[in-house]
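Trainee: Below are the features listed in TrEMBL for this protein:
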type: TRANSMEM; residues: 25-47; note: transmembrane segment
type: DOMAIN; residues: 41-287; note: domain 'G-protein coupled receptors family 1 profile'
type: TRANSMEM; residues: 59-78; note: transmembrane segment
type: TRANSMEM; residues: 98-120; note: transmembrane segment
type: TRANSMEM; residues: 140-158; note: transmembrane segment
type: TRANSMEM; residues: 204-225; note: transmembrane segment
type: TRANSMEM; residues: 237-258; note: transmembrane segment
type: TRANSMEM; residues: 270-289; note: transmembrane segment
Amino acid sequence: MAQDNFSQVTEFILLGLSDTQELQLLFFTFFLLAYAMVLLGNLLIIVTVRTDPKLSSPMYFLLCNLSFIDICYTSVTMPRVLVALLSGHKAIAFEGCMAQLFFLHFVGSSEMFLLTVMAFDRYTAICRPLHYTAIMARRACWALVAACWVGGFIHSIVQTVLMLQLPFCGPNVIHSYFCDVPPVVRLACTDTTLTEWLMASNSGLISLGCFLVLVASYTLILAKVRAHVSQGHWKALSTCASHVMAVTLLFMPCIFTYLRPAGTLPTSKYVCVIYTIFSPVMNPLIYTLRSSEMKESMWRLWKR
């Protein structure tokens, strides 16, 4: 990158969550355990779905893709965070910071789109069961998953291009443990009001729009369940309730973080822990423990 044209800053300093040595050791243990749970839990889901022919429905196909996305999402930030906590080296190159920002938004927005598709899948299965096979055919599922990745790529490209247009010539200390739009854009040596509003309308509206679609789909499912009370429908309601908890854990912190210009309110780095750590850890638990088919398949896989 031509530093004369764009930036005099060659690296950023990530302060992390704490400077206290004892707390850094505690955070390292927490992050290591969380990352291990994400990797092992989601890999187990992928292997189970891929090896059991009984788990061939669209729901498990989408769940398998969600597990892959969660692995990618946490791998964008966690390995570097663990190395920084262990070694104390907090510097990250300018190019590495922009790359981390790009992949974080690429995978993160793809996950939001995929969760929306999964809610549509549940709505179709419960509210339109006679048309479910035709609507959620395997080719349609592949097309929807591909659309999620394409949408995430377009979103991330826009964010990254907006960031690369900004000059960084002074402060280089990021008050977070990873590179993200709000803390990085505050370091630019220019008026970023327009850029901040553009980024808020991009990331924030995507988060809010997907969340509203999810709420609408689960509301329709709830109305369907109340109109046709049966054991199967109550089971569907219980499953949907756990899914709502999972998406709320992801979307609400993202809406709080991105649906406003970066300079209006300080973004708590501890809020970021919710959607970068807790949400990927909870997804395997929420989306598998509520499924008796998945638990039985995992038990058969374990006995082999």
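Note: Cβ is positioned from N, Cα and C throughout, glycine not excepted.
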Trainee: Any contact between the transmembrane segment (237-258) and the transmembrane segment (98-120)? By contact I mean 3+ C-beta pairs closer than 8 Å, pairs at least 6 apart along the chain.
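Mentor: Counting Cβ pairs under 8 Å, at least 3, so yes.
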Trainee: Mean pLDDT across the domain 'G-protein coupled receptors family 1 profile' (41-287), rounded to an integer, is what?
Mentor: 85
Trainee: Going through 59-78, 98-120, 140-158 one by one, which has the most CB pairs that fall under 8 Å from the transmembrane segment (270-289)?
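Mentor: That would be 59-78.
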